[in-house]
């Protein structure tokens, strides 16, 4: 009897430790459903139906492994990826890494901020500039939670992630995608033409996010409670749950666009405003409103995460710290410039996702090197299959980027 009570008590304690350690992956996962994903997935679904769903599946599986490695680095070493690069690489390389990481973070934030502004515009009927002002105010308010510690922010961002997921369950109900072709698109790889490869690279850039590779290792480097092994096991569950939700949302975005647009003859839908206007008569006003609200939720939460990632990058690489409010104010400026110049915001979103894919390999290579170093990682060092899989992912990313460069120069993509 006593033995049974002790076992139950230790089991409850283990569950409490696991629950207490959950959260960082939900912050990282929000970067995987930002407005850039909306733009890229809608364009891919409208243009090619279900044919590129398999790209989302494989990109999400890659992202799961990458986020586990990033989180593991923080747990094993007590330092984030940027700090490890600073400690192990020559100063010129560190400065190069810092500059490119800041550019990637700014490109990401541009997509996220403008996406939220578009969402406010669609839902409230305000101008894009007014939507940008609302986005700025809302993100400042969310960032204020950071003063109370990491957990309150994790809960708010996790709640927004779940809201977007529920919103897309509703969108799937409205759009009613055909199961047979959807299943075929999930499991059979196909790239019909050069535009499909360009969009596939965009989907990859939208799904695997360089800035959250840096951020996740920072979120786990100060985790407390349980043994190191318990923290790692809890983190794997955290990543599995959060990234499964993010993967579902990305698949649902593309499937909804395919069902609502592609198979109703609207194959040219590549604009978030156009998607909203087209959804209303095709499905319903409610479906269009839910789309707009999910865009706001994704944009606000992901732009907050982008601001945090930028802070981690600066502190990690060059040991320089600026207040979060100042960073938020500075990184809003490119978005306002794009809006005031009247540039096509959706085109900016899609191009930013392609740009992001160029930063993936630069973050992945040192991550793989460090997590494969037994002296650094101890018993959490990568196994052989993880190392091989990681380098295959790097090869795929570099190959896609090479094709993009050649294709763009030759006018193929």
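The backbone N, Cα and C atoms fix where each Cβ goes, glycine too.
Residues or ranges marked as transmembrane segment in Swiss-Prot: 19-39 (among others).
The transmembrane segment annotation in Swiss-Prot covers 46-66 (among others).
Marked as transmembrane segment by Swiss-Prot: 94-114 (among others). Tertiary neighbourhood of the transmembrane segment (94-114): same-chain residues 31, 34-36, 39, 82, 85-86, 132, 135-136, 139, 209-211, 214, 298-299, 302-303, 306-307, 309-310, 313-314, 317-318, 331-332, 334-335, 338-339, 345, 348-349, 352-353, 355-356, 359, 362-363, selected by CB-CB distance under 8 Å and a gap of 6+ residues from either end.
Same-chain neighbours of the transmembrane segment (122-142): 113-114, 116, 153, 156, 272-273, 276, 288-289, 291-293, 295-296, 299-301, 303-304, 307, 325, 328, 332, 335-336, 339-340, 345, counting only residues six or more beyond its ends whose CB sits under 8 Å from a CB of the stretch. Annotation comment: Swiss-Prot describes 122-142 (among others) as transmembrane segment.
Tertiary proximity for the transmembrane segment (156-176) is limited to same-chain residues at least six positions away from its ends with a CB under 8 Å from its CB atoms, namely 23, 26-27, 29-30, 33, 142, 145, 242, 245-246, 248-249, 252-253, 255-256, 259-260, 283-284, 286-287, 290-291, 293-294, 297-298, 300-301, 304-305. According to Swiss-Prot, the transmembrane segment annotation covers 156-176 (among others), on the basis of sequence analysis.
A Cβ distance under 8 Å defines the sequence-distant neighbours of the transmembrane segment (196-216), meaning residues of its chain 6+ beyond its ends; these are 24-25, 27-28, 31-32, 34, 36-37, 40-41, 43-44, 47-48, 51-52, 55-56, 59-60, 62-63, 66-67, 70-71, 74, 80-82, 101, 104-105, 108, 190, 250, 305-306, 308-310, 312-313, 316, 350, 353-360, 362-364, 367, 397, 400-401, 403-404, 407, 413. For 196-216 (among others), the entry in Swiss-Prot reads transmembrane segment.
What Swiss-Prot lists as transmembrane segment is 241-261 (among others), and the listing cites sequence analysis.
With a cut-off of 8 Å between Cβ atoms, the residues of this chain six or more beyond the transmembrane segment (290-310) that come close are 27-28, 30-31, 33-35, 37-38, 102, 105-106, 108-109, 112-120, 122-123, 135, 138-139, 142-143, 146, 153, 156-157, 160-161, 163-164, 167-168, 170-171, 211-212, 214-215, 272, 275-276, 279, 324, 327-328, 331. As annotated by Swiss-Prot, transmembrane segment applies to 290-310 (among others).
Taking Cβ pairs closer than 8 Å, the transmembrane segment (329-349) reaches residues 35-36, 38-40, 105-106, 109-111, 113-115, 117-118, 128-129, 132, 136, 270-273, 306-307, 310 in its own chain, all 6 or more past its ends. Residues annotated as transmembrane segment in Swiss-Prot, with sequence analysis given as evidence: 329-349 (among others).
Annotation source Swiss-Prot lists transmembrane segment at 350-370 (among others).
Per Swiss-Prot, transmembrane segment is recorded for 392-412 (among others), and the stated evidence type is sequence analysis.
Tallying C-beta pairs under 8 angstroms between the transmembrane segment (241-261) and each of 19-39, 46-66, 350-370 places 46-66 first. Cβ atoms under 8 Å from those of the transmembrane segment (350-370) belong to residues 36-37, 39-40, 43, 66, 69-70, 73, 77, 81, 84-85, 88-89, 97, 100-101, 103-104, 107-108, 110-111, 198, 201-206, 208-211, 213-214, 270, 376-377, 382, 387, 390-391, 393-394, 397-398, 400-401, 404 of the same chain, restricted to positions at least 6 beyond its ends.
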